[in-house]
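One structure is given below, encoded as structure tokens.
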């Protein structure tokens, strides 16, 4: 459970099973041996909209309460709370092991926060005309790419806050962004049913995968940079699949993962171990999380 929680950058599904093991006041019931699972006081006063790993023992979250919180995986305590957005936070991200945290909001802006700095934003990135729905930071946290429902993707210098590029594509309502590890490429999903690969150096589309039948809601990239995932909206068993794409020369579809009955809201590559088969996880509006064998699409 902890592995899945850390891996899920955004978990929108309503997990129906095991909910009776937790009390509404924030105290935890037992889920096995004493002390094996705990639930602490809330980091937010309203719904949590996004969560991402920050350091091996820290995560960052954003909520409808307009705040950004940094919490400890180990203790469950909320260590920092940042305020500055005027509307709900839609996405949060960070470069792993960095002290910089980034948040996007319905107030059309992105903010950068320093983990050990002041409670106010370290940098402010205005410029989008509608809600910011995509956020990806380079591994060294020097560059930031943002996407919006205004059909644009922007690139920013995180030190100066300068907008280094802005690209618009008709009907490209951005749903998610993620950076390819060790590469200058950014993956983007869209309501136009496509998944794009952007070259961040010139902010140009390097490749567009074949359009799916439904809106693409989220994306993720494997740690080795060889594959990316996208997932689809759907209803009554139609659509709602996740798709594995090859980022190498073939840049083709490798596999599909079907089994959700409503929109698949999130997809993620799970960390690999020496004795574990490569796996992915998906979450859905059908109230389930599914774990799949990456190569065979078999469910674990």
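Using N, Cα and C of the backbone, Cβ positions are placed for all residues, glycine too.
Since we're looking at a predicted model, the values are computed, not measured.
Record features, source TrEMBL:
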REPEAT    82-115  repeat 'WD'
REPEAT    125-166  repeat 'WD'
REPEAT    174-208  repeat 'WD'
REPEAT    257-293  repeat 'WD'
Can you tell me which parts of the same chain pack against the repeat 'WD' (82-115), counting only residues 6+ beyond its ends and a CB-CB cutoff under 8 A? 9-10, 46, 49-56, 60-70, 121-126, 128-141, 144, 146, 148, 156, 158, 176
Same-chain residue ranges lying at least 6 outside the repeat 'WD' (125-166) that approach it to Cβ under 8 Å: 90-96, 98, 100, 102-106, 108-112, 172-179, 181-182, 186, 188, 198, 200, 202-203
Over the span of the repeat 'WD' (82-115), count residues by DSSP class, listing helix, strand and coil in order. 0 helix, 19 strand, 15 coil
Reported mean pLDDT - the repeat 'WD' (125-166): 97
